[in-house]
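Lifted from TrEMBL, the feature list:
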COMPBIAS  487-496  compositional bias 'Basic and acidic residues'
DOMAIN    38-464  domain 'Major facilitator superfamily (MFS) profile'
REGION    482-504  region 'Disordered'
TRANSMEM  39-59  transmembrane segment
TRANSMEM  79-99  transmembrane segment
TRANSMEM  106-124  transmembrane segment
TRANSMEM  144-165  transmembrane segment
TRANSMEM  172-192  transmembrane segment
TRANSMEM  204-225  transmembrane segment
TRANSMEM  257-278  transmembrane segment
TRANSMEM  290-314  transmembrane segment
TRANSMEM  326-343  transmembrane segment
TRANSMEM  349-368  transmembrane segment
TRANSMEM  388-407  transmembrane segment
TRANSMEM  442-463  transmembrane segment
């Protein structure tokens with residue numbers, strides 16, 4: 001990366017400088033340029049993000065085999081996922097500061113190495129020199145290291161989109177980088193049941209995850225050479241953002257952001273809960289690990305399609321609010337239907353349709369809300385506004401997952417004699433006791449219903465970044481994205497916010 005005394009030159013012989021805070025100095029004649037290397041950077045982020053997600057969730061589709069291999073119970077297996085949620089809360093603040101202060105490169109490389117080292121520690125538990133009683137603690141330590149990596153890579157997409165991509169590609173770039181994490185979850189849901197047919201197969205799965213982490217580490221260490229391109233891609237990228245602590249102070253005054261903070265956090269927490277508990281919810285009614293894995297994969301595939309579609313729509317129209325609210329309503333419907341029909345046997349097709357609907361619209365809202373958080377809080381740094389949203393999801397995730405496990409009940413007497421798919425050999429065993437997830441499902445759906453209503457009635461965003469780009473003179477971009485009526489409405493909302501104490 002260029003130092004304050006160095007400068008980069010574009011093909012048009014336009015010169016720019018970095019200042020001491022890693023931002024571009026003002027230009028007398030602004031020219032914006034994009035670089036093809038941005039696609040390599042986003043590719044590396046996607047690989048690391050996918051590997052991190054595989055490490056995170058690989059045990060959930062094979063809970064029964066994991067309990068048998070490590071001689072633990074299903075609650076301990078759930079903690080292998082829950083540790084990700086817990087670790088992100090304190091380390092998320094560190095990741096936010098690091099991204100805003102040291103830049104993308106430091107965050108990406110740190111995430112890659114934490115991923116790899118954590119995965120290697122997990123592999124050690126498959127060797128005999130680790131005492132049997134120590135295997136689970138070592139496994140949990142490796143999982144913790146990978147969990148610490150998550151915020152350093154999950155907070156990257158919005159900043160990457162802002163500093164490397166033009167306005168017309170920001171939402172798409174954010175979508176690609178963000179969706180790599182659920183794609184990694186999909187891969188884990190597919191390969192874990194396919195590879196692990198007995199407890200002896202589990203070490204192979206761990207080494208596959210390590211291979212993915214090692215590939216990302218090599219690409220990041222030797223391929224990512226700078227945090228920013230030589231010249232900015234847009235007016236807002238050229239202007240830079242607020243310092244970290246000043247940005248936090250600004251966020252406190254944006255009412256719409258805190259509504260989004262709670263609503264987005266709820267959606268992310270519910271996704272984490274459903275992904276972690278999916279196999280445990282389905283197997284008591286006779287649905288196999290393979291079907292649970294396919295449902296998890298379907299959730300992600302439909303979600304990826306929905307995210308790409310929604311990202312393309314908001315890139316073209318900038319209708320962040322309308323798209324996000326529509327996605328939340330339909331995702332809520334899909335979640336309620338899934339909870340109800342998964343209580344009954346032989347409903348494979350309806351369950352698949354419901355989980356696909358939940359995924360398509362739930363994931364469709366994810367990158368839209370992350371990008372909207374940057375829009376409504378500008379000039380607060382991208383990692384600060386989007387990172388705190390993710391932390392909200394992790395905090396709520398801890399609460400919902402703990403409460404959901406507490407609310408599980410024994411299967412009704414009429415079902416206790418029926419076959420299930422929760423055992424290590426197809427029958428119920430002592431290692432894993434099937435539970436009834438009806439009450440936890442209703443709790444999760446009720447929580448999502450409450451926050452969706454709040455979102456629909458109370459959320460009124462102001463797209464400050466788009467307006468700032470117009471003020472900066474980037475009329476061509478804004479004329480293609482925001483209609484006059486929208487601009488007037490947003491200016492009126494800014495005036496209302498400023499009367500309530502917000503000053504940008």
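Note: Cβ is positioned from N, Cα and C throughout, glycine not excepted.
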Exercise. When only pairs 6 or more apart in sequence are counted, do the transmembrane segment (290-314) and the transmembrane segment (172-192) reach 3 or more Cβ pairs under 8 Å?
Worked result: yes
Seminar exercise, completed: Contact set of the transmembrane segment (79-99) with the rest of its chain, CB cutoff 8 A exclusive, min separation 6+ beyond the ends, reads 56-57, 59-60, 66, 106-107, 110, 139-140, 143-144, 146-148, 150-152, 154-156, 159, 244, 272, 275-276, 381, 383-384, 387-388, 390-391, 394-395, 397-398, 401-402
For this session: Return yes if the transmembrane segment (144-165) and the transmembrane segment (326-343) have at least 3 CB pairs under 8 Å (sequence gap of 6 or more), otherwise no.
Result: no
Exercise. How about the transmembrane segment (172-192) and the transmembrane segment (39-59): at least 3 CB pairs under 8 Å, pairs 6 or more apart in sequence, or not?
Worked result: yes
Seminar exercise, completed: Of the listed stretches 39-59, 204-225, 257-278, 326-343, 388-407, the one with the highest count of C-beta pairs below 8 angstroms to the transmembrane segment (442-463) is 257-278
Problem set entry | Interface present between the transmembrane segment (349-368) and the transmembrane segment (257-278) (three or more C-beta pairs under 8 A) | yes
Seminar exercise, completed: With the cut-off at Cβ under 8 Å and a gap of six or more residues from its ends, the chain residues touching the transmembrane segment (349-368) are 157, 171, 174-175, 178-179, 182, 267-268, 270-271, 274, 282, 287, 294-295, 298-307, 309-311, 314, 320, 323-324, 326-328, 330-331, 333-335, 337-338, 341-342
Exercise. Who are the long-range neighbours of the transmembrane segment (39-59) in its own chain, taking Cβ under 8 Å and residues 6 or more past its ends?
Worked result: 66, 77, 80-81, 84, 104, 108, 111-112, 115, 118-119, 122, 143, 146-147, 149-150, 153-154, 156-157, 160, 164, 173, 176-177, 180-185, 187-189, 192, 205-206, 208-209, 212-213, 215-217, 219-220, 223-224, 275-276
